[in-house]
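Heads up, the thing below is written out as structure tokens.
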Amino acid sequence: MAPMGIRLSPLGVAVFCLLGLGVLYHLYSGFLAGRFSLFGLGGEPGGGAAGPAAAADGGTVDLREMLAVSVLAAVRGGDEVRRVRESNVLHEKSKGKTREGAEDKMTSGDVLSNRKMFYLLKTAFPSVQINTEEHVDAADQEVILWDHKIPEDILKEVTTPKEVPAESVTVWIDPLDATQEYTEDLRKYVTTMVCVAVNGKPMLGVIHKPFSEYTAWAMVDGGSNVKARSSYNEKTPRIVVSRSHSGMVKQVALQTFGNQTTIIPAGGAGYKVLALLDVPDKSQEKADLYIHVTYIKKWDICAGNAILKALGGHMTTLSGEEISYTGSDGIEGGLLASIRMNHQALVRKLPDLEKTGHK
């Protein structure tokens, strides 16, 4: 028998050649794409600056957008805080003791507010560091979307985007400030807060009061929806202090400023900062100074620090040191906050409080 062979018609030869050319084209184009990606060229995700390169270094974020999301997060968290309080089912429990021996309480309001605030911010800005007072369950992957709308009051004050490297940003969330007062149904002291720090410096802050629905915000070198009062009493100031150690501050304050000084015990660091400002909330007390003499967490004070700084005020340790919002989550040196006063002169007046603050 004659050996069998394979015969191809002219059409078959043409098809075979076309298939071969197609294989060679894809191999060659893939090779070129790989070579281009080494130099950051090419526009497809995963092949250039818009893909892995951007994800690796976090890119940039717009502080104006972060302010808009921070306001929304504080309000959304506040909705949860108010809903739980009005249900009167708090599921209150203790996380342990504070350094002063008081119960460090947590409620459903804290947890649910934290969940809303954290995931709204994390979904909008996945590449930034977010520090929050309450635990975040790693298994909880809720996605809460932002509609990318910036409110008119923010656009009016912050007229242009403000881009910063994402890796320089740290967000501090307090999902429910004044939990002790919350459990006692002292609603006026309760706030939700968000702060954005850039390279450790507080740049924007939001303080929201869930029960009056008042929100204060400010951005350093940007704008604000709140302002300082027209005058402050520096000689015999009204001093707002923590309810838990008002007597400790009162003793030294009277020695420093005289017996005409008024001490205002209050709950919540957010409430105390608002006491220094022109706030159109009838439940808000007014003070000239805010003094704290014990250890305090940074999520309690960062938003207030940013707002005061944006308005020309100051918040420092009792020894006058600026507070860095990186690293550890608390400060040891007490706290002094003022606005439209000679802050360093006040620091020099309070040596005894500084010593007390380090005990």
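Each Cβ is built from the backbone N, Cα and C atoms, and glycine gets one as well.
Going by Swiss-Prot, these are the annotated features:
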type: ACT_SITE; residues: D110; note: active site, proton acceptor
type: ACT_SITE; residues: T179; note: active site, proton acceptor
type: BINDING; residues: E133; note: Mg(2+) 3 binding site
type: BINDING; residues: E133, D174, L176; note: Mg(2+) 1 binding site
type: BINDING; residues: D174, D177, D300; note: Mg(2+) 2 binding site
type: BINDING; residues: S242, H245, G268, K272; note: AMP binding site
type: CARBOHYD; residues: N259; note: N-linked glycosylation site
type: TOPO_DOM; residues: 34-359; note: topological domain 'Lumenal'
type: TRANSMEM; residues: 13-33; note: transmembrane segment
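Sequence features annotated in Swiss-Prot and their locations in the structure.
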residue	record	DSSP class
D110	active site, proton acceptor	helix
E133	Mg(2+) 3 binding site	coil
L176	Mg(2+) 1 binding site	strand
S242	AMP binding site	strand
N259	N-linked glycosylation site	coil
G268	AMP binding site	coil
D300	Mg(2+) 2 binding site	helix
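With all protein chains in the displayed structure included, the most crowded Cβ environment within 10 Å among the recorded positions T179, S242, N259 is that of T179. Note on D110 (active site, proton acceptor): other Cβ atoms within 10 Å of its Cβ, all shown chains, come to 27. The record assigns S242, H245, G268, K272 to the AMP site; their largest pairwise CA distance measures 14 Å. For L176 (Mg(2+) 1 binding site), the same-chain residues lying six or more positions away in sequence with a CB closer than 8 A to its CB are G77, V81, T107, G109, D110, S113, N114, E133, Y182, V190, T192.
Taking the binding-site residues H245, K272 in turn and counting surrounding C-beta atoms within 10 angstroms, the largest count is reached at K272.
Here the Cα atom of D174 (Mg(2+) 1 binding site) is found 17 Å from that of S242 (AMP binding site). The separation of G268 (AMP binding site) from D300 (Mg(2+) 2 binding site), Cα to Cα, is 8 Å.
Predicted-model confidence for the topological domain 'Lumenal' (34-359) is 88, expressed as mean pLDDT.
Counting in whole angstrom, G268 (AMP binding site) lies 5 from D177 (Mg(2+) 2 binding site) by their C-alpha atoms.
Among the binding-site residues E133, D174, D177, D300, the residue whose Cβ has the fewest other Cβ atoms within 10 Å is E133.
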